[in-house]
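Asker: According to Swiss-Prot, the record shows the following:
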CARBOHYD  ASN156  N-linked glycosylation site
CARBOHYD  ASN180  N-linked glycosylation site
REPEAT    205-226  repeat 'PbH1 2'
ACT_SITE  ASP219  active site, proton donor
REPEAT    258-279  repeat 'PbH1 3'
CARBOHYD  ASN265  N-linked glycosylation site
REGION    394-421  region 'Disordered'
Amino acid sequence: MKFSTAIIVSFLFIADFCAAQSGVLDISKFGGKPNSDIGQALTSAWNEACASTTAAKIVIPAGTYQLNGIELKGPCKAPIELQVDGTIQAPADPSVIKGTEQWFKFLYMDHLTLSGKGVFDGQGATVYKKAAPASAWSGKNSNSKVFMNFGFNFVNNSIVRGVTSKDSKNFHVMVFGCKNITFDGFTITAPGDSPNTDGIHMGKSTDVKILNTNIGTGDDCVSIGDGSKQITVQGVNCGPGHGLSVGSLGKFTTEENVEGITVKNCTLTATDNGVRIKTWPDAPGTITVSDIHFEDITMTNVKNPVIIDQEYYPWNQCSKKNPSKIKLSKISFKNVKGTSGTAEGVVLICSSAVPCDGVELNNVDLKFNGAPTTAKCTNVKPLVTGTAPVCQAPGAPAASTTATPAASKTATPAAGKSPAK
C-alpha cells in the first residue's frame, strides 16, 4: 500500500511539473540553432504562444544567433514573456531592412515581458564609419534612413528588464503609442561618436517608466517626444551621450502636447548636455509643454548642464527668422549638483513669442574649474531659491528671487550658436 501511494504521489508530481513547463517554448524545439538565422523558429514559437489561452514563455538560450528582422504582433490571448539569454545579431548591411523600420518590432501587445541577460547587437559600426562626421548626417547619408534596434508600437502594460541593446544603427528603442510600459535594469550601449543613436525615444505615449537603466550612446540617452504624458525617468546613468532631453518639439503640425515629465535621481557623466528641453524656431508646431521636473541630478564634467533651448536648430537645418511657438510652463530644476564642462551651467533660451512661465531653479549648485557656474537667460525670469546662479530677462513674466547666488549673469546668446545636439 505504501509503495502504491509513493508511485501515485510521484506520478502526480511529474504530471504537475510537465503541466508547469507546458507554457515554455524553447526556440531550439522549433529549429532555432546558434550561428544561424532564427527568424522562422522565433516566428513559429511566437505564433504558438500568442494562440495560447494561458501565459507562455519563449526562451532563446545562450549562444550567438542571427536575425534579419522580425515583427512580433498581437493581440494575443494571454501574457507572453520572451526570455533572451543569448546574443542576437542584426545584419551588418543596413540595406537588408529597408527605410526606418525597426529590426526587432513588437506590435499591438498587452502584458508583454522582455527579459533575460541577452544582447541585441545592431552591428552599427559599418554605418558609423560611413556617415562620419556627425555634422554631415543631415543629408542623404543620414542614418535616420536606416533601421533601429527596437520598436514598441501600441504595447501596453508591459515590461523590459535585464537585456542589452548594443550598437544600433539608428535609435536603440522607439516607443510609440504605448501605455504603461516600463524599462527596468535595461542597458543601452554605443560609441560616444555614433550619431543619432538615441537610447530610448518616445512619442504619443502615456505612463512610460525608465528605471535603474545604464545608457551610453552618441546622442540623447533619453528623448521625450510629442504626445508624451506622465513619464518617469529615475535612476538612469547617462554617458556618453547628449543627456536627458524633452524634445525636440515643434517641427511638425501634427504634434501633441507634452505634460507630466519627472526626471529624478539620475547621474550624467561627460555628456555633451545635461537635462534639456529643446524646441525648433521658425517651425509650425504650436503645442504646450508643461509640468516638467528635473530633480536630484548629479553631473560630472557635463557640458551645458541645464538647458532650455527654444532656438534649437542642429546643423543649421532651419532658420531663426521666426521664434518658436511652443509654450513652456511649470518647469523646475531642483537639487542639481556636480561639475560642469562649461562656465555657463544654466542656459535658458526661451521664445520671444511665448516666453517661459513658472520656471524654477532650486539648489542648482554646479562648479566649473572649482568656481560656481554662471547663468544665461533670455525671455524668462526664473524663480531662484537656494544656492543657484541668478539670471534676469527684461520683458519676461515676473518672478521672485530668494537665492544664495552662486553667480549672476544676464546675456543674449551669441548669434548662430546652439548647444550640441
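Please read every residue number as a count from 1 along the shown chain.
Just so it is clear, glycine is given a Cβ too, placed from its N, Cα and C backbone atoms.
Could you tell me the structural context for the features on the list?
Answerer: Of all Cβ atoms in the shown protein chains, 20 besides its own fall within 10 Å of the Cβ of ASN156 (N-linked glycosylation site).
In the three-state DSSP reading, ASN180 (N-linked glycosylation site) counts as strand. On its own chain, ASN180 (N-linked glycosylation site) has ASN156, ASN157, SER158, THR206, ASP207 as residues at least 6 apart in sequence with a Cβ closer than 8 Å to its own Cβ.
As a whole-number mean, the pLDDT of the repeat 'PbH1 2' (205-226) in this prediction is 98.
According to DSSP, ASP219 (active site, proton donor) sits in a coil region rather than a helix or strand.
All protein chains considered, the CB of ASN265 (N-linked glycosylation site) has 15 other CB atoms within 10 Å.
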Asker: How big is the gap, in Å, between the Cα of ASP219 (active site, proton donor) and that of ASN265 (N-linked glycosylation site), rounded to a whole number?
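Answerer: About 20 Å separates the two Cα atoms.
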